[in-house]
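Record features, source Swiss-Prot:
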type: DISULFID; residues: Cys238-Cys240; note: disulfide bond
type: DISULFID; residues: Cys271-Cys274; note: disulfide bond
Amino acid sequence: MTHDYIVKALAFDGEIRAYAALTTETVQEAQTRHYTWPTASAAMGRTMTATAMMGAMLKGDQKLTVTVDGQGPIGRIIADANAKGEVRAYVDHPQTHFPLNEQGKLDVRRAVGTNGSIIVVKDVGMKDYFSGASPIVSGELGEDFTYYYATSEQTPSSVGLGVLVNPDNTIKAAGGFIIQVMPGAKDETISKLEKAISEMTPVSKLIEQGLTPEGLLNEILGEDHVQILEKMPVQFECNCSHEKFLNAIKGLGEAEIQNMIKEDHGAEAVCHFCGNKYKYTEEELNVLLESLA
């Protein structure tokens, strides 16, 4: 059980909806599994944090997949999450790292690139999917998710994401927030929010200082204005299994399976999301062939 969690809140009498997350241990689990280098860890961790909070907006068995592809050296960052606080992610090139940028921070923009898009696919059940996309405008990811909400979901939002990495590549702190303006919000409320966000300390610094998700929202919105509705745990969780990969092998067709038996006398599958390996014996593949006959 991790100490990570997300809070859902309202502020300014329901004019603002807010989510904040602590994801240090969750991102650490992904870093350990994929052996990401610091810049890749920051990019993956920011994407995981945003995806976990987007998952918290879903209901029941709904889930979503986020693909960040800025055509940069890191390749694609793929994360998915559900409404239960379970999130997983991987990057195409985990050993991506660059010198710090001019601000002395991890150069996420350089790793991600700025020539692609963020694609969000929500599985809302009953074989019904919602898909949205927006161009990458910054490469730092917080601004890119902000832009996604404004253009794809027509929800004025502010997304802040932060990941700090220790010298030994472990994750020192990770977390973030999504603050959304609800229809009918007063101009005065929006102005207060914009001012608070423009003046705030960077998210990763606030988490490093030990601020909880509740503390993060209080810092931005003011303690008197925030009403916490719910708190839910967040963790790295992968739903891969021996059976799921066996079904995937079945989908390759008879000729390919016969080839595996003849050439390799079995098969091995590796999960992109968690790195788990699954081995399939010649006998298992023969049984699979019989089921296709």
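Each Cβ is built from the backbone N, Cα and C atoms, and glycine gets one as well.
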Query raised in the report: Taking the Cα atoms as reference points, how far is Cys271 (disulfide bond) from Cys240 (disulfide bond) in Å?
Result: 7
Requested in this report: Between the Cα atoms of Cys274 (disulfide bond) and Cys238 (disulfide bond), find the distance and write it as a whole number of Å.
Outcome: 6
**Report entry** Cβ-Cβ neighbours of Cys240 (disulfide bond) (radius 10 Å)
**Finding:** 18
Report task. Output, ordered by sequence, the same-chain residues six or more apart from Cys238 (disulfide bond) with a CB under 8 Å from its CB, or 'none'. Result -> Arg88, Cys271, Phe273, Cys274, Asn276
Report summary line: Neighbouring CB atoms within 10 angstroms of the CB of Cys271 (disulfide bond), all protein chains considered, total 18
